[in-house]
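Student: Before I ask anything, here is the structure I am working with.
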Amino acid sequence: QDSERPGLVLSGDDQDVLLMQKGTMMRKVRSKNWKKLRYFRLKEDGMTVWHARQNILKCHKCIIISISDVETVRNGHESEVLRSLAEEFPLEQGFTIVFHGRRSNLDLVANSVEEAQIWMKGLQLLVDFVTNMDQQERLDQYRWRGWDCVNNRGDKNQDGRMSFHEVQRLLRLMNVEMEQEHAFQLFQAADTSQSDTLEGQEFIEFYKALTKRVEVLELFGNFSADGQKLTLLEFVDFLQEEQKEGDHASDLALELIDRHEPSESGKLRHVLSMDGFLSYLYSKDGDIFNPSCLPIYQDMTQPLNHYYINSSHNTYLVGDQLCGQSSVEGYIRALKRGCRCVEVDVWDGPSGEPVVYHGHTLTSRILFKEVVATLAQYAFQTSDYPVILSLENHCSFEQQEIIAHHLTEILGDQLLSTTLDGQLPTQLPSPEELQKKILVKGKKLSTLEEDLEEEEELETELEGEQEPELEPQFESETQELSPRSKDKNEKKSKAILCPSLSALVIYTKTVSFYNFTHSREHYRFYELSSFSETKAKNLIKETGNEFVQHNAWQLSRVYPSGLRTDSSNYNPQEFWNAGCQMGPSVAMNVQTAGLEMDIYDGLFRQNGGCGYVLKPEFLRDTHSSFHPERPISPFKAQTLQIQVISGQQLPKVDKTKEGSIVDPLVRVEIFGVRPDTTRQETSYVENNGFNPYWGQTLCFHLLVPELAMLRFLVKDYNWTSRNDFIGQYTLPWTCMQQGYRHIHLLSKDGTSLHPASLFVHICMLE
Ligand SMILES: *[C@@H]1O[C@H](CO)[C@@H](O)[C@H](O)[C@H]1NC(C)=O
Ligand SMILES: *[C@@H]1O[C@H](CO)[C@@H](O)[C@H](O)[C@H]1NC(C)=O
Ligand SMILES: *[C@@H]1O[C@H](CO)[C@@H](O)[C@H](O)[C@H]1NC(C)=O
Ligand SMILES: *[C@@H]1O[C@H](CO)[C@@H](O)[C@H](O)[C@H]1NC(C)=O
């Protein structure tokens, strides 16, 4: 297992990487009390780090970290755990490895500042290297690795021949997962000398047979006159007829040949070989997700309430809602992933400092000012668009003043503390106008109009020592505070909202909801209401059209109902259909992988992952006739034909079971308005995860495609129990490309399952 892969080609000045390959002892820190010395070493391949109890040469019981799983490296100052040990170890000696998905961070302390620097710089270099590799380079790397392995390493005893055992080992090194029986058949076919070993050309034939894509070859043959290459015109035909690329197909064809044709002479002659064709189909250009939806492509100058906003719920919790740990890590993760609305539950804390935790539960506490400092640091690292800080204030008058003080002092210019131009607007400002601003969402004593008047008065009268009017405010947000609001006997503390905090609420003032008529008559565009999941569902059923119209001029937020103490998420689609913006927020910090999270990520992957997605036009009109439960269709109904052709390298579900092979089937699920929500599946292919072929066509009729999300789910058929999850990919209908496309599958926690993919043909008919 522990044999070396050929190393990455690194330039000579990567001293850091070379030193990492020598290995060193470092302290691994899990908590204030758990800190142990471990030996860390970067393997020669530059792609894996292993750590073990001691300096060992062979990795037996060691833990392996793949560079491709690492998202980034942070310095010690940013880790709570390391900060708690600052007296023991200087923070400069510490650093944190942050992983993709929901794997927890790894905190480390090196022996010296220099050593910490070496590891931080070196790791970041490797991570950048891996993330900058695009699909093509990865493919090349596999191929290149393959040939290198053949020459140097696959052939263990260096006799120029490879036994089946050596071939299997080599495939594993090349990350080609392969069913033994299938591989053995190909091995025997390639062994023309019948020596039970492969040599030279035999191995090349074997590798070609192994990676052959029959269905792609046939497609290529259908468009290529000589079966060897696609001429420019042939390729343009393909792009127009099958891929529905339309008028720009000619320009696109040249661009794609330049990007994907491996041979220089092919590039010069403007032709595409089979290798180039496969590379195109497997790349971002051939992906089911339209690459033009990846960057920020939507109009960002519309009022805030015209967008769906990526929102997180119980942001401070890492773990479950009743006894989990509160941590600023929750905020860092949410903000770094483009989440634009975070929640803070603030309570009176000791020595006058407000604290954040989930009230009346056993969750641990963090200082409010630490949360604000985190916000100041991370709010705009991933997206420039505004962050809404949803403040659930349970504090006394005195500590509310501290809250206002911290917000003003720590956030400085980032805090939006007055309307944009000091004037009273008639609608909410746009994400564009609010760039790099943090908006406080909470209660407010006055209206914006009064605020502005007061400001004017202050300016003219200079020292007008007026007392702001104090209205007693009840904590009427009880309906917002899930589990404990069930407790009717609980004393509702009568707290007075402090004017300095109230003044920081500008465009996102929370108000109680009675009915839509009441909102229209009494509320303003900068006021917003929260709805429990159940309440929102009822409103959609009973007065869905009014809800749509309401959301075309005000923001609304839907929060999970209190019964879900396990922090599980709920299906956001229903609320998006009605135009709720801070719709269904998700608890993302916990292990809540699954359908809901997949749909959520699927929607927000578009538009640069910036956290804002423009709603369809019929949800942005205050006179809209759209009813999410009874959609009549002026909304271009469509028929969608999906041919599920084949699968590539689907991983084993249970890797511990040697030789267990999957029986894969594909289920296509549509989420949208109720009549559109449906699913269909293919039959299963027995015992083949390597290159299963289905060739089955599924057909869907959609009333409101603009709201539809598609989820491709691959499962392992099991007649005795529920089929096991293998991988999935979810995307909005509006971001889907037609024609022959690959779908690159994701794991349960949203990380890449590369090289696992599906090959499909998509066709839309009016
Ligand atoms: C290729 O063309 C044949 C004959 O028209 C057709 O039956 C087949 O489905 C085509 N194959 C692909 C992959 O398009
Ligand atoms: C809406 O709510 C207000 C306030 O509770 C109430 O006075 C009014 O009768 C309600 N209107 C409707 C149509 O239910
Ligand atoms: C949206 O936010 C969630 C957490 O709320 C995060 O997991 C996800 O990655 C974000 N999606 C995108 C594409 O920004
Ligand atoms: C099917 O599921 C059962 C129960 O989870 C399990 O014991 C069995 O091994 C599975 N069969 C296969 C072929 O994976």
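We number each residue from 1, going along the chain as drawn.
Backbone N, Cα and C atoms are what each Cβ position is placed from, and that goes for glycine too.
Found this in TrEMBL, in case it helps:
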type     : residues : note
COMPBIAS : 449-478  : compositional bias 'Acidic residues'
COMPBIAS : 483-492  : compositional bias 'Basic and acidic residues'
DOMAIN   : 18-128   : domain 'PH'
DOMAIN   : 155-177  : domain 'EF-hand'
DOMAIN   : 178-213  : domain 'EF-hand'
DOMAIN   : 501-620  : domain 'PI-PLC Y-box'
DOMAIN   : 620-747  : domain 'C2'
REGION   : 449-492  : region 'Disordered'
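Help me picture where these features are in the structure shown.
Tutor: The average pLDDT for the domain 'PH' (18-128) in the predicted structure is 86.
Sequence-distant contacts of the domain 'EF-hand' (178-213), counting only residues of its own chain at least 6 positions beyond either end whose CB sits under 8 Å from a CB of the stretch, comprise 146, 150, 160-164, 167-168, 171, 278, 646, 648, 659, 661, 687-691, 759.
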Student: DSSP on the domain 'PI-PLC Y-box' (501-620): how many residues come out helix, how many strand, how many coil?
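Tutor: In the domain 'PI-PLC Y-box' (501-620), the DSSP-based counts are 49 helix, 19 strand, 52 coil.
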